[in-house]
Amino acid sequence: MKSKNNLWFWIVITIYVLITVLRVLNHQPWFDEAHAWHIAQEKNLLEVIQLMPVEGHTFIWYLLLMPFAKTNFHYPWPMFILNYTFALVSVIILWKKAPLHNITKTIITFSFPFFACLPVLARCYSIGVMLLFIILAVYKDRLKHPLIYSTLIILAANTSVMILFGAAAFGFMFAYDLIRSSLKNKISNKDFIVSFCIMALGAVLIMWQLGSFSKLCTAGTGHFGNNIFNFMLKKSVIMSWFSALSFIFAAIVIFVCNIVAKNRSALFLYLFSLGGLLFCFLFVYPGWVHHFIFLYIYFLTGVWLLFQTGRRVIIAEILLAMAFLGFMDVNKRSNIIYFKSSSKAMAETILNDDKLRNSRIIVFDASSKRFLPYVAGKNIDIWDYCTGAPIDSSIVMNHNTPICTISKKTNYAPYIKKVMAKDKETYSIDSVLEGNYYRNNYIVEDSGIKILFELYKQVPESGYLFYKTTIIDN
């Protein structure tokens with residue numbers, strides 16, 4: 001049986017590696033990937049930590065990127081390789097340590113989160129999932145190695161807000177275990193004190209980074225419902241409803257199983273992590289596809305801990321597998337956003353065109369800045385419409401800007417005029433409108449100012465265009 005399991009493991013991992021490596025090789029960074037690299041390139045560690053309330057994440061991913069970003073070392077490959085390594089290790093830990101059937105593990109391995117999202121998108125999420133799985137894998141031995149376990153919890157918490165909820169749940173449970181074990185003299189005073197100090201320092205670090213997060217993020221109450229609908233149901237109709245219904249039934253069954261089994265640890269992890277996610281999506285940030293995958297990941301961790309610390313419940317595993325099975329396909333919109341960003345093509349269009357290279361270029365939205373690391377050090381004059389300033393180390397592509405807020409419309413003529421060059425031509429980057437429609441020429445007019453946008457060039461195989469931008473005299 002063991003040799004059969006090993007053979008199946010190697011077959012699955014081989015197929016997984018072959019396909020995901022090809023996906024990585026054909027991937028170009030989208031905005032959030034480029035954004036993290038740019039921050040790591042321009043900021044020191046203290047500045048990164050101070051920037052985290054705006055980013056809504058924690059610092060470890062930026063710290064890992066710093067040595068490569070600051071030396072501009074072969075962007076984006078160090079970022080891709082680091083992320084892919086974490087994603088692959090996560091899958092290997094799942095296979096080696098999760099108390100699940102091989103069929104369930106296979107379905108999870110080839111589902112969207114683990115097959116298409118985590119290994120390809122070089123974000124802060126793969127390292128967090130890896131650390132979360134390590135915490136689960138060593139859960140039974142946590143009191144034998146309390147210093148290592150508490151360190152793993154703090155490392156996981158400092159990878160991203162999505163992982164923070166699960167890490168916090170493990171932290172609270174471990175604190176309870178430490179106190180109980182200390183009262184029964186099952187752990188040394190030294191291990192008790194040092195472990196608590198590690199977690200306390202980690203909590204302070206989290207509060208330093210995210211203390212004002214809720215004030216700086218836009219509340220998502222008006223968008224979460226639409227976003228989760230697009231995520232769950234705008235794929236193939238049968239698979240979408242299959243996944244959504246399995247997800248709901250799995251939630252109910254896992255909750256009941258934890259109650260019946262009196263497994264307080266698994267129940268607490270399940271409720272705290274999912275409850276934290278939903279609170280975040282409803283009241284802090286509405287989330288998107290790469291955030292919603294954590295609803296599935298926390299289902300997985302809840303079942304994992306339930307089976308590892310209690311008995312296996314077949315119906316819970318079947319529903320878990322069904323939920324991931326319905327999540328095999330990727331809707332068209334996600335496919336375009338995540339795997340066809342054309343960031344390199346945007347940069348090459350600028351660098352290979354003398355007019356663009358020697359003119360001022362205005363970028364209007366966050367996603368159009370994805371090409372910036374490719375032109376770092378090339379002396380390209382790029383201005384940000386939202387900040388009304390050149391994009392440099394003082395701006396670092398921040399999400400929060402003085403102009404682009406919900407209450408102020410974009411493409412406002414006086415602001416465009418403010419960022420246009422007076423001594424050379426100006427070009428703007430704009431995206432193709434919905435339905436693959438784009439305008440050859442158009443005029444923006446406000447406050448007696450008319451600005452003409454004339455189509456100059458479309459970026460190959462992308463949804464972005466360059467417009468020559470000039471003021472029309474009245």
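Even glycines carry a Cβ here, placed using N, Cα and C.
According to TrEMBL, the protein carries these features:
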TRANSMEM  7-25  transmembrane segment
TRANSMEM  75-95  transmembrane segment
TRANSMEM  107-139  transmembrane segment
TRANSMEM  151-179  transmembrane segment
TRANSMEM  191-210  transmembrane segment
TRANSMEM  238-260  transmembrane segment
TRANSMEM  267-285  transmembrane segment
TRANSMEM  291-307  transmembrane segment
TRANSMEM  314-330  transmembrane segment
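If you count C-beta pairs under 8 angstroms between the transmembrane segment (151-179) and each of 7-25, 75-95, 267-285, 291-307, 314-330, the highest count goes to 267-285. When Cβ-Cβ distances under 8 Å to the transmembrane segment (291-307) are tallied for each of 7-25, 75-95, 107-139, 191-210, 314-330, the top count falls to 107-139. Within its own chain, the transmembrane segment (107-139) has Cβ neighbours under 8 Å at 12, 16, 19-20, 23-24, 27, 29-30, 32-33, 36, 57-58, 60-61, 64, 76, 79-80, 82-84, 86-91, 93-98, 100, 145, 148-149, 152-153, 155-156, 159-160, 162-163, 166-167, 170, 289-290, 293-294, 296-297, 300-301, 304-305, 308-309, 321, 324-325, 327-330, 338-339, counting only residues six or more beyond its boundaries.
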